[in-house]
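> Provided herewith is a single structure, encoded as structure tokens, for subsequent inquiry.
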Amino acid sequence: MSPSYQPLYCAGGVCGLVLRGGNIDRCPEKCATYKQCSMCLKHAHCGWCSLDDGNSTGRGVCTEGSLDSPTGGPSHSTCDLLFYLQESSLSGNLSAGSNSTAVSFNSSSRKPVFSWHYVHCPPENECLNNHHTCDNRSEECVDLTEGFQCVCGQGYKSEKNQCVPVCSQGCVRGSCVEPDVCRCNFGYVGANCSIQCQCNGHANCAGPDKLDQCLECHNNTKGSQCEKCKPLFVGDPTNNGQCVPCVDYCNGHTHVCINDSITSFPFSSISSDIPLDELEQYLGEGPTTSARCIGCSNRTTGDKCEECITGNFRGVEDHREHCRPCECHGHGDTCDPVTGENCNCQNNTESNSSCQSSGTSSSKNSNQQCWKMQCSKCRDSYMGTPTGGHQCYRQMTVDSKFCFDAKQLEECKMKPKPLYPGQTAFFVVQPRFMNVDIRVIVDVTQGALDLFLSPRDDTFVVNINSSTGAQVVDMDPRYHWRDDEYHDFSGGAAVRLNSVELLPPGTDTVNGTDHPHWSQQVFVVMEREGRGLTTFVTVNQKSTFLLVRGLRDRLVLTLPQDRHDLQATRFYLALTATSAGPEESLTRPSYGVVFFRQDQLHIDLFVFFSVFFSCFFLFLAACVVAWKAKQAADVRRARRRHVVEMLHMAKRPFASVTLVLDSSGAVTPPSTQSPHRKKRKQQYLTGVGEVRPVAIEPTDDGVAAVETVFVRLPGGSEAPVQLALASSLILLARVYPLNGRAFLRRRSSHAPS
């Protein structure tokens, strides 16, 4: 910067030092802290007040100033006053110091002279006043007109701008630290460090004549010549071998390793409670090359804890990483020990086929790792999201019967697979008709069941009992229990029932307690007991969870279509086999079938008319047969009556008598008929007389007949019997000539034969 521009640009006419990062030595301090001129003038705001005397002692004061004069100190200060002040502060007593200084200067032959130096330091002998920077051990100070020079001393030589000692005998396995003095490397001795100790490179020895007397074994070794590893270390330390800590040998999963030849180990389990000194005392020394790790933690196993226990994986190739359980979502127990893939998926689940073996997915969700997608899909014919303990449900169709092993009846009726106590089968009812009631029928032929029903597939989770291994169906923790009031749809009073409400992820804290954000989805929980041969249950409210316990025979579950949205709802069933009773075996399996129906009227015209006409013709044929049977019975009855009549007629008494039929004196009753008709009637009765038959019974051939007439017996009114019936066999042709055979035959044709 130009001196003419400096007063205008810099504050007070003096510019400070421009600093750059990383140069801490140039950071400005107070000028009074510098005691040497060379250090003082390195800072632009400092100058040097030098005491000029013949000895060139380099004494002076560093103070703030500019190119012309100092600016620090009292007003109108001079270098001599600053020097006096500095000397007084160093002595600790200003008056005493002043007097001594004054005495010193008064005794002098001349007055002390001070000079101001801002650019260059005054001449001085740095070697005498010890203002030089030479190493007193390896260098010598040489005073120059300006400054000084450091040269190497005796027994040293210059090498790379440094003075290094010189050893005439050399240092083979060490370094020269002083002239003709070597510092040997670890494990070497001798004047020139050329002799190696017999300690396998792990200790120093007592001297060149005691090479086998090792002083102190290092590198986790022990023994007279450091030929063994300490307990809890493994390796062969001979010939500069290393002793590796067991925790490193076992990939960080345990700190104990023993020789492979040890067959029995008294410590059954390794834990932090075992005293370390007791363990080391038992082991004595560490194993060599054949070592076996004891007490592998973090779900690892193997001689070096390099493998994962079955059912666990690492996710990386690094054996130091911890193993974690396989993420099979509860549907498998084994997987690839490195990638976590290839779970042995059970419960009708399978893994996502779009995930590749590299550990990433080739689909859009490529950021998901494959081990997180194991057993996360349901197989064909199954529904659900089998993650987080949820299951896959077998799809049921109308009138398709299924055994408890989720197979159709046609497949399992020969050899059905039962449900043992603690096992669970899952089904989903998918309605076919939206306007027809659903009837779910569960027939238990042997054993007992607990039935769970829900309109959602994420309601039930399956937990495994760690002691018995049985499957326990429970409600997902997202559903929170509470007491609620439920109105009976049948018109009865409100009753108290259990209900649950779906719990969202977020919760609030009110008055120190967790208060969830309740959703609008409220579910009623119904619980029933299986009683009798048939248990009838009707779910009249949607969003209902049903639990039927102790089902031993038949359950008829009705889901009315007017109470449920069959178009958007599926009904998920879980059947858990239980012990039928304390008196029965706990291992008795359960057999049976489950199906659902949606009954409705189906009219098939072909079948209808076929059945109608078949029934009609069958009825007509039955009528014909009945008529023929009746006709045959009538003929038989007429024949029998005719036989009876003939026998009766044959048994009647008969004889020939002579009757006088006197018609004289008979009074003809008055008649209302016309003369014409009366004449015709008289003509008709000509030759017959006044006697008319009461009845005429013609024979089969119509020739003869049995005629019955009324006969008045003699005796008048005094006779006991005055009137009688008389029958006679007559010839029709003689008695009734007008009634020929043709007439009688026509009339007889209508009579029963």
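Keep in mind that glycine also has a Cβ here, set from the backbone N, Cα and C atoms.
Automatic prediction, not curation, is the source of TrEMBL annotations.
The shown structure was predicted, so the numbers you read here are calculated from the model rather than taken from an experiment.
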> In TrEMBL, C226 is paired in a disulfide bond with which of C217, C243?
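When TrEMBL is consulted, C226 turns out to be bridged to C217.
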> C229 (disulfide bond) has how many other Cβ neighbours within 10 Å of its own Cβ?
27
> Could you pull the average pLDDT for the domain 'Laminin EGF-like' (197-245)?
93
> Per residue, counting other C-beta atoms within 10 angstroms of the C-beta, which of the disulfide-bonded residues C217, C226 reaches the highest number?
C226
> So, in DSSP terms, is C229 (disulfide bond) helix, strand, or coil?
strand
> To the nearest whole angstrom, what is the C-alpha distance linking C226 (disulfide bond) and C243 (disulfide bond)?
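Approximately 11 Å lies between the Cα of C226 (disulfide bond) and that of C243 (disulfide bond).
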